[in-house]
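Participant: OK, TrEMBL features for this one:
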- 154-189: repeat 'PPR' (REPEAT)
- 190-224: repeat 'PPR' (REPEAT)
- 226-260: repeat 'PPR' (REPEAT)
- 261-295: repeat 'PPR' (REPEAT)
- 296-331: repeat 'PPR' (REPEAT)
- 332-366: repeat 'PPR' (REPEAT)
- 367-401: repeat 'PPR' (REPEAT)
- 402-436: repeat 'PPR' (REPEAT)
- 437-471: repeat 'PPR' (REPEAT)
- 472-506: repeat 'PPR' (REPEAT)
- 507-541: repeat 'PPR' (REPEAT)
- 542-576: repeat 'PPR' (REPEAT)
Amino acid sequence: MKPIGVRPAAAAAALSWCRSLPHKHGTCSSFLLLPPPVLQFFSLRFRSTASNPQFHRIDFNNIKKLEDALFLFDEMLRMRPLPSVIQFTQLLTAVTKMKQYSASISLYKQMGALGIPINEYTMTIAINGFCHLSRVNYGFAILGSFFRRGVVPDVATFGPLLKGLVLEDRVPEAVKLFLKLMRERVCEPNEVMYRTIVSGLCRTGNTSRAFQLLRLMEVEGKCKPDTVIYNTVIDGLCKDRMVDEALTLFSEMIEKCISPDVVTYNSLIHGLLNNGRWNEVIRLLREMGSRKISPNVFIFNTVVDALCKQGMAELAEGEVLPMMRQRRVDPDVVTYTILVDGYCMRGQMDEARKFFDSMIDLCFVPNIITYNALINGYCKSLKMDEAMQLLRELPCKGLKPNVNSYTSILQALFRSGKCGAARNLLDDMQAAGVVPTTLTYCILLDGLCKNGRLAEALSVLGMLNSKGIYLDIAVYNAIIDGLCKDEKLESAWDIFCNLSSKGLMPDVTTYTVMMNGFCREGLLDKANELLVKMEENGCKPNDVTYNTIVKGLLKRERYRKAMTLLEEMRARGFSADASTTEIVVDLILAKSQNPAQLEMIKRILPTFKHEEKNIE
């Protein structure tokens, strides 16, 4: 920061520049305006401390915690004469380094209220504190004092302001200020300022703008893009699914002898995984070894997880695990848990159990997530004895079952038609102090409805409502569906119409279930009206919605209307499902002579040419 003469014209210009900065007026309290004693001190702030014979010796190295700093501040206030502004600033610096920004601001306010001299370094510390507390407007208010006193702020002042704007998601304002600083050469931006702006742009989805800034650094700036800048832009491109562009920038980075690091590869691997480009992922992992960059267990686990979620647990086991061992990266509990879950998702319970048991053999302790993955796998395979055995085993292993442990078994019991056992399990769950979630109640109500225990489901619903337990739309979808299937259409419609009074909006499932109820009763016009109303309310129908109504129309021989909806389906990228196609096949086999049927068959099943000829 450089002192400048207080010339009226220069001061007016500086103040005008300050007012153009991106801050809101009228939001900062009066304590930010420096009191008269402080303003008087500003003209003396550049005197050497050597001219002050009363310069106190204070050891700031003894400050280890906030309490030490506050005690020392009180001691300094009692000293006569008062310590110098430099020493008060050193104290504020110590507090700020502890990231105690609120305390730093509080001390700054006390200094101003007591008339203790404040200089530009003190004010910069205050600006930094306000910006870290997401109160950047206060920081800009202090910046105004710089210009009023004829002091030119530097990067130490503007850096926190830029970061504060980004923290408050005011990235466009941060970019505007940054470019203004560059254009008017108020100060030369440093690496930290570039990183702040690039990071903010990428975080808010403006990766192309961040890329332009990277190019600007190369052409105009004294600061050249470093690994951090490249990493930020590459990561932004990958998150925007612009993986090819990210790989191009990666190659350029290497050509310019800017060394990639583990963060660079991690971003690229994530991007490639999201696009299913497994071969390139394996290539990058191997390339990391040739560059002597060690992939950590987190990166390997990310790859294993992505492969398992795509149903490729064998590839994860056969390719990634051996690579981990070659790089001397030990698989951990997370690695094995992911593989257990991956095989469970495929229904390969023997393989899942093999990995679970191998964890114990390797002295890894399976955690609750591991157990839940295996329990869920057994439940999906309806192997209830194995699932219950694992649930009972948890307390013996020092683990407490959580809501996911019970929910998987609860759902499987209802699927098996064991409603009594499911209700008993719910009681055991609550007795164990595990609080059911909305999903738990949804499974309970859906299970009761699908097992024909509608009265019990309605009783549970009433009990939940009386207790004020929040139920989301999924719970009501289950009830409406159950009522429709039990031919209680009026009750289902009443619940549907009263959803808004519960603060809920019907979703695509709600509308589809209600339309299915109307179609089952032959009320096709009501179903079609609801389809129109659905779109008017901003809820888009999906393929299930269309197939539901088309099947209802076909069953009631409303072929013309069915064709209209089929055309609408196709225009939206949907197609007839298996059950709709089955109805049409039945019409073909019936060798119908109805022209409307023939036209509809041509549209829905254009491949059935030989059947059409037989009919004709």
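For all residues, glycine too, the Cβ spot is worked out from N, Cα and C.
Walk me through where these features lie, including what they touch and how far apart they are.
Facilitator: The average pLDDT for the repeat 'PPR' (154-189) in the predicted structure is 87.
Residues 191, 194-195, 198-199, 201-203, 205, 207, 210-211, 214, 217, 267-268, 270-272, 274-275, 277, 291, 293 of the same chain sit 6 or more residues outside the repeat 'PPR' (226-260) yet have a Cβ under 8 Å from a Cβ within it.
Distant neighbours of the repeat 'PPR' (261-295): 227, 230-231, 234-235, 237-239, 241, 243, 246-247, 250, 253, 302-303, 306-307, 310, 312, 315, 319-320, 323, 326-327, 329; these residues of the same chain sit at least 6 beyond its ends, with a Cβ under 8 Å from one of its Cβ atoms.
Taken residue by residue, the repeat 'PPR' (296-331) breaks down under DSSP into 27 helix, 0 strand, 9 coil.
Using a Cβ-Cβ cut-off under 8 Å and counting only residues 6 or more beyond its ends in the same chain, the repeat 'PPR' (332-366) has close neighbours at 297, 300-301, 304-305, 307-309, 311, 313, 316-317, 321, 324, 373-374, 376-378, 380-381, 383, 386, 397.
Under 8 Å from some Cβ of the repeat 'PPR' (367-401) lie the Cβ atoms of residues 333, 336-337, 340-341, 343-345, 347, 349, 352-353, 356, 359, 408-409, 411-413, 415-416, 418, 429, 432, 434, all in the same chain and six or more residues away from its ends.
Non-local neighbours of the repeat 'PPR' (402-436) in the same chain are 368, 371-372, 375-376, 379-380, 382, 384, 387-388, 391, 394, 443-444, 446-448, 450-451, 453; each lies 6+ residues outside the stretch with a CB under 8 Å from one of its CB atoms.
Within the repeat 'PPR' (472-506), the DSSP-based counts of helix, strand and coil residues read 26 helix, 0 strand, 9 coil.
Across the range of the repeat 'PPR' (507-541), the DSSP-based residue counts are 26 helix, 0 strand, 9 coil.
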Participant: Going along the chain, which residues at least six beyond the ends of the repeat 'PPR' (296-331) come within the CB cut-off of under 8 Å?
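Facilitator: Non-local partners: 262, 265-266, 269-270, 273-274, 276, 278, 281-282, 285-286, 289, 338-339, 341-343, 345-346, 348, 351.
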